[in-house]
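What follows is a single structure, written as structure tokens, with notes after it.
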Amino acid sequence: MSDLKNAGKYYWHYLKKYWFGFLMTSILIGISTACIVIAPTYLGKAVSELTTYLQQWTDAATRGNASLGSFHKTLWIYLGLYIGDATTLLIASWILARITAFSTGTMRVGMFRKMQRMQVKYFDSHSDGDILARYTSDLDNIFNAMNQALIEIFL
Amino acid sequence: MKVLIPYVKRYRKDAYIAIISVIALVFATLWQPRLLQVVMNAILKGDKATIFQQGILLIGLAIIGIIAGVINTIYSAHVALGVATDLRADLYSKVQSFAYADVEKFSASNLVVRMTNDINQVQQIVMAGFQQISRIPLLFIGAFILAMVTMPQQWWVLIGMMIIVLGVSFYSYKKMSDYFGQTQQNIEDVNTVARENLMGIRVVKSFVQEPNEIDKFSKVSDKLTKVTAKIGYNFAILMPAFFLTANIAVAIAIYIVGQNVTTHPAYLAAITSFISYLMQILFAVINGGFLMIAASRANISLGRIGEVMATTPSMNYVQGDDTPVSGNIEFDHVSFTYPGDEKPTLKDISFTVKAGEMIGIVGATGSGKTTLAQLIARLYDPDSGVIKVGGVDIKQLPEKSLRETVAYVLQRSTMFSGTISANLRQVKEDATATQMQWAANIAQASEFIERLPQTYDAPVEERSSNFSGGQKQRLSITRGVIANPKILILDDATSALDAKSEKLVQEALDKDLRHTTTVVIAEKISSIIRADKILVMDDGRVVGNGNHHQLVADNAVYQEIYKTQKAREGVK
Ligand SMILES: Nc1ncnc2c1ncn2[C@@H]1O[C@H](COP(=O)(O)OP(=O)(O)OP(=O)(O)O)[C@@H](O)[C@H]1O
Ligand SMILES: [Mg+2]
């Protein structure tokens, strides 16, 4: 449990300077999600407007009133929503990609610095392969996990 | 990727089941929108009988889909696990056949990475392959055909969308695999700097090199960071671009349906299934892309595995029966250079040892004592000259005979993790409790082993870290003598023992292993003073050969060593 707390502190140390990025992503993702949720209703609306149009057109009495105007407008809104979704999503994932790459990089250099400050005793009690693995597979795992976690949290 | 075919073939049955189940899965996925369309029409018409009948079909289809999916996952995992296990076993036995020099060429940690990390990559791609490889094209083609059938008039919307999506994917996947290649290179660079630093950590520290080293590391690390970020940016573009394209296609399709609704009113009901097929095409492309990326990573891993597989061991043993040989040792003008070194480490060494004799080797650090011992155990072959054991050139001895004849207690040897008895049985499979006790008695190890709660079944941790330096050495000597070898090499094997225990070990060796030739490498002359013959080494040459009295009388190098050691003892 205290391990978990320490891990939390550790990540916080490396992630806190990205708070603005996280805030931006949250807002952007909020917008993008809203777009995705709303868009299908416009799809439904377009189909039902089309149905109404077809009914009016089929009936000789109302054929004169039949118009595709509102159908076209709905389609444009539908498109607009998806463009909004795509741009916000693009910017958000771009920021996240930046954060994961750069924070892992800082962690890597931080670890190396730390290694320079360790006492020789530490290197005697840990095998070289073990220490090296931290630079490659452990950091790689952290990178993947962070990528995954941030995507799950935000997207 | 071709290398994998023979491995997959061993799991042919599971592979077929995986493929058949994926076909069933695709069928279920593709047919669902069609059925849904029929049900929708029926609902609109209020045709209850059809709703019920088709509804049941729809549920049945969903169940088939789920079952097929589960079966596919299970059998794909079977194949992937099997292939990975076999590949790892082959790799392992290949590495076992390697000479010591081959292992050093790759470095042990590198081989471990290949056996774990790289094999895992391959396992993942095999798994993904059996889940996706037939599914993607089937889904893609199936969805395409069905979309065409649903709205034949709009073929160009489909084709347009596909050209854009495929174009974007090919472009970015191409770039991405370049980046992945670069990443691999950058990871290696980071590793190299970290490793160098680790190996020379004492030097770095004592010469206050830390700031320089950190600069150097930051540079390679930043490169890796930049490539990683670039990969991220590419991924960031992909998803929004795909979904935007697909939804533009949907909007165009609906727009066209709208323009022609008076002439083709039936298309109105087909809109939803058309959209479903569009999305299925899109997902097929996205999954295909991911598979391609994973495949290119796995390909790099396969290459690294192949590199190990393609290495022919630089040392071959003759096949043959386990021929017993005696304990004579003969070096005849032997010279040796470490692979990659320019100057020889051993130069023109000749000497003979009769069976049962004790021979001591002394010399300054780096003079080549360990190297000489390694040649007796044939960890390396000499550049020139002949080494004979029991009168036979060791190149003509089967591996088993040599290993049984020569026992080598390394300068800094550790035990394998497990138990003490397991370690002893690795050398002598059928070692009995009495034999273990006998060996431990010689090594002065029985006292502390018998005090352990589990005695000979006591656990040994990795790097024998649960034993003290002196205990480790005693255990190593026990392992060295357990099989009662003809030749026993002790390379600085008693350095951590107190003078009294060391003397007891030597007396026990004299008594219990009287017929064994013992080669004792030591720092202290007192450890080898009783040897029948002492080799004095200096800078890769044997500069003295005789017993203690002879050498003290006429060997300058020996006199020098002896004088300094005696002076030091005097101070104590
Ligand atoms: N694996 C290796 N590859 C390349 N050079 C090596 C290797 N092992 C040892 N050497 C070099 O060969 C020389 C002899 O080393 P060796 O280990 O035989 O010395 P030694 O006499 O056993 O020294 P010590 O008393 O310190 O154990 C040294 O200069 C060393 O740097
Ligand atoms: Mg040595």
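Cβ atoms here come from the backbone N, Cα and C positions, even for glycine.
Keep in mind that this is a model prediction, so the values were computed, not measured.
Annotated domain 'ABC transmembrane type-1' per TrEMBL: B:17-297, in sequence order.
Mean per-residue pLDDT, taken over the domain 'ABC transporter' (B:329-564), amounts to 85. The domain 'ABC transporter' annotation in TrEMBL covers B:329-564.
The transmembrane segment feature in TrEMBL is assigned to B:15-31 (among others).
Residues 17-18, 21-22, 24-25, 27-29, 31-32, 35-36, 38-39, 42-43 of the same chain lie 6 or more positions beyond the ends of the transmembrane segment (B:51-71) yet place their CB under 8 Å from a CB of it. As annotated by TrEMBL, transmembrane segment applies to B:51-71 (among others).
Taken from TrEMBL, the feature transmembrane segment covers B:133-149 (among others).
The transmembrane segment annotation in TrEMBL covers B:155-173 (among others). Long-range neighbours of the transmembrane segment (B:155-173) within the same chain, counting only residues 6 or more positions beyond its ends whose Cβ lies under 8 Å from a Cβ of the stretch, are 144, 147-148, 234, 237-238, 241-242, 245-246, 248-249, 252-253, 256, 278, 281-282, 285-286, 288-289, 292-293.
Summarising the annotation, TrEMBL assigns transmembrane segment to B:231-256 (among others). Packing against the transmembrane segment (B:231-256) from elsewhere in the chain are residues 151, 153-154, 157-158, 160-161, 164-165, 168-169, 172, 175-176, 179-180, 183, 271, 274-275, 278-279, 282, 285-286, 289: each is 6 or more residues past its ends and has a CB under 8 Å from a CB in it.
As annotated by TrEMBL, transmembrane segment applies to B:268-294 (among others).
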